[in-house]
Amino acid sequence: MSAAGTKDAVQEDAESKSIPSLDGTIASVGDKIGSGSYGTVHKLMVDDDNNNNSVCIIGKRPWKQDELKASSSQRKEDGKDVLQTPKERAERCMYYWEVEDHCFRKLPLHPQLPPHLGIVQDDSKEHDWMAFGLVTNARYKGKGGGELSSSSSVPAPTLADLMKLDDAADDNTNGSPQELLQIGKHLGCNSYGETLDTVLESLLTVLHHVHRHEIVHRDIKPSNLLVQLDDENDDTKGRLVLMDFGSAADLEYSTFTVSNGLWKSKQQVLRGLENGSRVAVSPIYCAPEVFVNIKEAPTAFDIFSSGLLFCQLLFGYLDERTDAGFHQQLEDAQWDLNVWLSNELGSKLRPRGLDYSLEYLAERPGLWSLLEEMLRQDPLNRPTAKTALARFQAILESSKQVDDDDENIESKQELDGPFFNMVIECMETCPIPTITRALHYVATFSRRESLGLVLSEYDEEDEEDDESNSDPEWLEATKFAQVGEVFIKEIVPGGQADRMGEIFEVGDQLQGVGDLPLSGGGFEKAVEMLQDLPKNSKNVKLHFDRISVRSNEAIPMIPNEAREVHLTSIGAWSSKGRRNYQEDAFVLHEIHDAKDSSVLLAGVMDGHGGAAASSLVSSQMPSLVSKELLVNRKSVEESLEGAWEKVCDMYEKQCTDPESCRAEYNPWEGTLKANTGGNDLIPGTTISIMALDETTGKITFLNCGDSRSLVMTSKGKVRFETADHTPQSETSRFQEGIDAGLGYSLPKCKISKWTLSVGAYEYSVARSLEGPFATSKGIVSDPDITETAVESGEILLSASDGLWEVMGSGEVALELHKKKTKGISAGDAARELCSMALKKGSSDNVSAVVVYL
């Protein structure tokens, strides 16, 4: 018999068994196990007449009106909204309790459901309790773990309990959080991969059982799953036990007595759906449809929640805040897992679990595709639990087979789609230069029309045989080229590239597509990568390099000559873009003294992990610079540097307690006011700010991180730009820190992205204002400070990384020059620049400050 057949047989055997009902039994109430919004759970002791002793069971009862009245008073004192009266809440609590009892009475006994024993009364006869058999774990003896015991009367831990233990793991002692060691231990698993396999198979198994009896759970989440291992010495793996059916619904009609004032009647109802589909569910695990439609795959709600929960473990999102961020990111990507992955590869700050997950997924062809389908927005397009379980079991079976046949290997790879396969292929490559320099740029094209570029692969033999390759630009650009490298050979007149302005030149080398490197793969590989982008992506981002002998290198800076300049137009714009919350901030402020001289302070702050750092900097920098200039009589450069030092010191002191700085999180709504966040993650910010002395025409730039400022000539050429502080650009500094015993780590590169490991996160910046922990790991707030002179007719710009991830400095300079020439104000130009970045597919907040001289 197959493994699947054996499981079905076990399941049928379990369902055929029955356990004695305890309906009407008197029980004594013991220790409280836990409580929630709708009820409380205690240990109960009942007499076992057969063995003449007491047996420990679990009892659950709803809150009563008097108890809720007391809690409502406390909530009012705490300043929290109370939307229902205690009477209404008590009725709701009783309703959920009755729905759960109904569902358990309908469902046959199953090893992954707590045994339902009926309704018992406590010895005071004040309360009815829904009784369950005690579910234990052979390796659990309390919330802190503890000694192994196969006879413990301590209830089995929930998956949420073990996730907290894993989240608190320290790399040096208990393994990294992403390894899921505690969850694996309590499931009897020996590896990260085995743990994930067991979780998903177990979850789909119990959902198949529940769904085939026409019940949808609607509240799948870690705290509603017990982790059970019957025998620590048994070779069989543990399992998840699904509990708490208060939010569930019976999809079949049943007879129910309905009370309406003075009379009662029996009616046919869908238990759990009497008031439509409204029910209390976890917002973090809630499916996009929010409410189930009985005519549109209602059980698919649970499939989405299960897929989200599994991804939480897969990607290492082990605390509620991080998972709330993932839910928001997925919504921003319109519930497309490929688009989410594409965005995440270019993210400035991401949890460390992505590397682990990609390796795991690469060993299980077909699983990524299955997760994609489980997380689809339309419930009709998600697989059933039965189908998903069968597919996953087939994936596991196939992954165990050693396959040397090229056709079979290629067939397996096709299961997860071309984009995901491209990501896997690029895991160990990282040739895209991410240090900003004049000869590396990025350009974003619409996928609705041709690029307008003729790309050609360099081939030494073809070059020698083809006498037509006599274009001096082409020959100059490719004279040091290697076989397989791809270059721009022609720019199509009137095409998309041509319309973008004088950005491209013959001989520019294609380095990467999206955030993935080409790696000398040749023309065919380039075409394949362009075709294999996520289907829902409306744009494609290309990376190019240009050799250094060309005539259009960065124009040298003008010497520091004093000259008065006048502001003809200034403006700023900030957009949260596709994200739910704004983490960027900007400054646009003029400082005047008694001698009629003035300094314009303008710049952007690109926050990450929340807005605490960026908002503090934007609110404090103007007053601090003013004080340094007017009170302390310091130079512009000294004032800018001194103000930055002071605001960094202010933030460090403010964030000694993480609670005072971390991103705001609403557990009731499941909303996190950040793109990502964790219990211990302190928000940070980059800064690129300029101070222009209008009397002397001198401008001072302070830059820390990967926000960027430009000076553009009156002809739309970049004359000066600040340098991005990426991890690989400061490898020597990190190595010095390691040698000095400072606890730093070296930057590493995966999938074309250089990052630095800081606790449970990967950072793609080497300098930024951060909390104490990230600072101790080498991400410093040391700025670059540069002074130069400007003249009338030039354009100044400071913009956050949301712009630079889709547009190069040269393209931006040309766009601003066009807008100024057309008479578009600086404010409107800033707004249109942000809008352009979003249209080109930027997944970040976008902010820009524009100054016309």
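Placement of Cβ uses the backbone N, Cα and C atoms for every residue, glycine included.
Predicted, not measured: the structure shown is a model, and the values here were computed from it.
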Looking at 1-33, 100-132, 562-594, 661-693, I want to know which stretch TrEMBL calls region 'Disordered'.
1-33
All-chain count of other Cβ atoms within 10 Å of LYS60 (ATP binding site):
25
Counting by DSSP secondary structure, give me helix, strand and coil numbers for the domain 'PDZ' (446-532).
26 helix, 19 strand, 42 coil
Need the DSSP three-state call for LYS60 (ATP binding site) to compare against my parser.
strand
